[in-house]
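Peer 1: Pulled from TrEMBL, these are the listed features:
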- 34: active site (ACT_SITE)
- 73: active site, proton donor/acceptor (ACT_SITE)
- 191: active site, proton acceptor (ACT_SITE)
- 258-283: compositional bias 'Polar residues' (COMPBIAS)
- 285-304: compositional bias 'Basic and acidic residues' (COMPBIAS)
- 75: site 'Transition state stabilizer' (SITE)
- 165: site 'Important for catalytic activity' (SITE)
């Protein structure tokens, strides 16, 4: 069914690896993604199901009237321009360029983006592209724009790599970007950063407004100047504050403002003080004397309770 998942992989399993972070702002929804790599056949179904879920999620958000910015390591080479020596690799594999373009992961990705190469009739539910590849918008014919290299083979000095890291955006926010590029000279990883630059002001309803005004809740900023603070009523639909499992949780700020709890030490001390005395020696405090920890707030249990409410798709 168009706009739905194929069901080849359980949706909870797709969410189990924490590969997507979604942040909602008044002006757009930001998705940060680390897509599964093509390591071996055992991960093929998971990889394709993840990309299908991402495609569905992005399209549904845009259909709801929101703009989308999608960033991250998508682990997909868009076209032959985006990888070094594609022709040579295909010759060794005995694969044609058309067959390479029709690899499922690449076909799904190219359905998602404008100017993506799709052979034949477009897939049902993916009749129209919805995202722009920002780096290609500003550098449409630039070769060697690689973002990832094989560290073990030391292929970076010769720029023998692939472009698999992207900033994609929906049509409504594309004019907000003034530039996009890669930072291939920044070392420290087998990937290099990709960046996009936003204008200070944007066109909205026929007038120029500060970007700060439109990316924050209404009335919080005017001409880039703060008028008021944040309140609970400013929470957007995707906010974790609106999820029952998290609405009464402490904020990250509390971690830095509260002193460490001494409850465990006090309990041990009280046990030792109340232990029966002996003429020979005091009874030592054993591991079993320390009260058992309440595991209800461990990350694992938090995930178990939350995984049914915070999903990629």
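Heads up, the Cβ atoms here are built off N, Cα and C, so glycines get one too.
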Peer 1: Cα distance, residue 165 (site 'Important for catalytic activity') to residue 191 (active site, proton acceptor), nearest Å?
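Peer 2: Their Cα atoms are separated by 8 Å.
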Peer 1: What is the separation, in Å, between the Cα atoms of residue 75 (site 'Transition state stabilizer') and residue 34 (active site)?
Peer 2: 8
Peer 1: Give the helix, strand or coil assignment DSSP yields for residue 75 (site 'Transition state stabilizer').
Peer 2: coil
Peer 1: Taking the Cβ of the residue listed as 'active site, proton acceptor' as centre, how many other Cβ atoms lie within 10 Å?
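Peer 2: The residue listed as 'active site, proton acceptor': 17 neighbouring Cβ atoms within 10 Å.
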Peer 1: Can you grab the distance from residue 34 (active site) over to the residue listed as 'active site, proton donor/acceptor'? Cα atoms, rounded to a whole Å.
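Peer 2: Counting only the Cα atoms, the answer is 5 Å.
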Peer 1: What whole-number Å value do you get for the CA-CA distance of residue 165 (site 'Important for catalytic activity') and the residue listed as 'active site, proton donor/acceptor'?
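Peer 2: Just about 4 Å between their Cα atoms.
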Peer 1: For residue 34 (active site), list the number of other Cβ atoms lying within 10 Å of its Cβ atom.
Peer 2: 15
Peer 1: Which residues, sitting 6 or more apart from the residue listed as 'active site, proton donor/acceptor' on the same chain, put a CB under 8 Å from its CB?
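Peer 2: Listed in sequence order: 33, 34, 35, 148, 164, 165, 191.
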